[in-house]
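Undergrad: Shown below is the structure under consideration.
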Amino acid sequence: MARTLIAGNWKMNGLKESLGEIRTVASELGNGREGVEVLLCVPATLLALAAEAAEGSALKVGGETCHTAASGAHTGDISAEMLADAGASHVIVGHSERRMDHAETNETVAAQAEAALRAGLTPIICIGESLEQRKAGETLGFVASQIEGSIPAGADAEQIVIAYEPIWAIGTGEVASVEQIDEVHRAIRARLGERFGPEKADLIPLLYGGSMKPDNAGEILAVDDVNGGLIGGASLKAADFLAIYAQAK
Ligand SMILES: O=C[C@H](O)COP(=O)(O)O
């Protein structure tokens, strides 16, 4: 059985004044709960401060993307090693917003995940279909191709996390139904089983992301193959994020 991960993604939100939310999450969390990891992925500008705010608690902090190289002439970019140096344990790679805004391909995402592993970080590899693909009945095939292309060749099952985020449910308030989530998560698990073997595939946390809120988290997190959430908007406020954490199985 995979461990549970409740992860927040602050995206391009948060100034120093938002650190109070992180302090609240950290103090409410304390030592946390056995088997449930809690993570906030924050803008790079806040990472070291967030790590400091989380110190002494079970709260982990992570980055939102990384370059494939460890260092070099890449103005404005940030490497996985730099994220680790600032206190990150995880990094999100291949979020649909990055795939769209920065034309990141499966190949790029696999290289970023590889960079994360090189730096000792856990990559959270994001996949998910557009509304057009869902309407055309292409969801399972598309998600399978993203899994195929976005997980680096040498990765071990124990080292990665997958987040399924249907693009049409991100920031829209429209949540995928429990049936839709169940169908896709089962298919993802089966694909991972073909790649890593069923026993190892069972150890990979599969997160759902897309308008997860305190009032719908319980039923989503109760789905068999859902091992947590990747939460955008509702992770910005400690009270909402903690209310979702409280419903983690
Ligand atoms: O990474 C998080 C997802 O994009 C979900 O964002 P959201 O919870 O604001 O819909």
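Backbone N, Cα and C atoms are what each Cβ position is placed from, and that goes for glycine too.
Remember, TrEMBL labels are computer predictions, not curated facts.
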Undergrad: Would you identify which residue of S130, S145, S150, S211 TrEMBL lists as part of the substrate site it also attributes to N9, W10, K11, G171, G232, G233?
TA: S211
Undergrad: Given the binding-site residues K11, G171, G233, find the one whose Cα is closest in space to the Cα of H95 (active site, electrophile).
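TA: That would be K11, the closest of K11, G171, G233 to H95 (active site, electrophile).
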Undergrad: What is the number of other Cβ atoms found within 10 Å of the Cβ of G171 (substrate binding site)?
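TA: There are 12 such Cβ atoms around G171 (substrate binding site).
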Undergrad: Please report the distance from the Cα of W10 (substrate binding site) to the Cα of E165 (active site, proton acceptor), rounded to the nearest angstrom.
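TA: Per the Cα atoms, W10 (substrate binding site) and E165 (active site, proton acceptor) stand 15 Å apart.
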Undergrad: For S211 (substrate binding site) and E165 (active site, proton acceptor), determine the Cα separation and express it in whole Å.
TA: 9
Undergrad: List the residues of the same chain that sit at least 6 positions away from G232 (substrate binding site) in sequence and have their Cβ under 8 Å from its Cβ, in sequence order, or write 'none'.
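TA: Within the chain, G232 (substrate binding site) has Cβ neighbours under 8 Å at G8, N9, K11, I170, G171, G209.
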Undergrad: Sort out for me which one of N9, S211 has the most neighbouring CB atoms within 10 A, since those are the binding-site residues we care about.
TA: N9
